[in-house]
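Peer 1: These came from TrEMBL, pasted as-is:
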- 10-45: repeat 'WD' (REPEAT)
- 56-97: repeat 'WD' (REPEAT)
- 154-195: repeat 'WD' (REPEAT)
- 196-238: repeat 'WD' (REPEAT)
- 239-280: repeat 'WD' (REPEAT)
Amino acid sequence: MKLAGLKSVENSHDESVWAATWVPATETRPALLMTGSLDETVKLWGSDELVLERTNTGHSLGVASVAAHPSGLIGASASLDSFVRVFDVDTNATIATLESRPSEVWQLRFNPEGSTLAAAGGGSASITLWDTATWGPVATLPIPRPEGPKPSDKSGSKKFVLSVAWSPDGRRLACGSMDGTISVFDVARAKFLHHLEGHFMPVRSLVYSPIEPRLLFSASDDAHVHMYDSEKKSLVGAMSGHASWVLSLDVSPDGQALATGSSDRTVRLWDLNMRAAVQTMSNHTDQVWGVAFRPPGGTGVRSGRLASVSDDKSISLYDYS
């Protein structure tokens, strides 16, 4: 496995780019890269050439997260203005506007079936679930405190939820918190199952393996990447190599590799069999807030792609093979 730089777009936004995800291909178009920025906009880019297709406005503060519906037809963006905007990817028409209290929508993810949108609840210490048929809230999953004090939790008020991830079968939901804990829920029963521990600083990004439903990966400010068996509550691997906070991560569609972005300004590619970094890319000049592998599918698609976005306002696109 190897990354090769394909294209970079400098000043892709007017401010820091905080979020990136791929919109799956449809019958009428290839996959698109969706990015969200502190400049309050969401942009959609052509899959290989990173040609700007359209710019979406509507938020009044920076965009912290973007999410794509598995159909490839719907996008969602969460902003520091406490609104979630749901829109038609191809026309930019607003489908719904979801309102929350301040600092309660931090990261968005659609479930694999596309029936539910989950939001990491920030200061509310919960996950909010919306039904994508009605765009009404269907559940709030409160996060209980772990037993016993944690060394990093001196104030007792750091259960701020930063990240959320769905298991490939949609049965489990995991969220990462400011205090370093990861919480796992049974979605159908809306029930908290257990905490996963091992990090001692904020967990900013989570992703399940697409081929091993129990395997959960986490990225933390403690500069480590962890692998958990999320059902057995066990830490099965820890990887280090970044010089600073690990802000984002994603797993390749074949489940063999992991990409991470860090405040050390690098993107790293990890071989999951070796559990080691095999390549470091230094395309960016500032913190890397998002990394995303392009999902498989679409006509004429023969090779993998990875995208990264940064505080330096740029997007980088890599070939992954």
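Glycine too: its Cβ is placed from the backbone N, Cα and C atoms.
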Peer 1: Given a Cβ distance threshold of under 8 angstroms, which distant residues of the chain, six or more beyond its ends, lie next to the repeat 'WD' (196-238)?
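Peer 2: Sequence-remote neighbours of the repeat 'WD' (196-238) are 146, 150-152, 162-169, 172, 174-184, 244-251, 253-255, 258, 260, 262, 270, 272, 275.
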Peer 1: Which residues of the chain, 6 or more past the ends of the repeat 'WD' (10-45), have a CB below 8 A from one of its CBs?
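Peer 2: Contacts with the repeat 'WD' (10-45): 51-57, 59-68, 70-73, 75, 77, 79, 85, 89-90, 286, 289-295, 297-301, 307-315, 317.
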Peer 1: So what's near the repeat 'WD' (154-195) in sequence-distant terms, Cβ-Cβ under 8 Å and 6+ beyond its ends?
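Peer 2: Same-chain contacts beyond the flanks: 103, 106-113, 116, 118-127, 129, 139, 141-146, 201-211, 213-214, 216, 218, 220, 222, 228, 230, 233.
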Peer 1: Residues sitting near the repeat 'WD' (56-97): Cβ under 8 Å, six or more positions beyond its termini, same chain?
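Peer 2: Same-chain contacts beyond the flanks: 15-16, 18-26, 29, 31-32, 34-44, 103-110, 112-114, 117, 119, 130, 132, 135.
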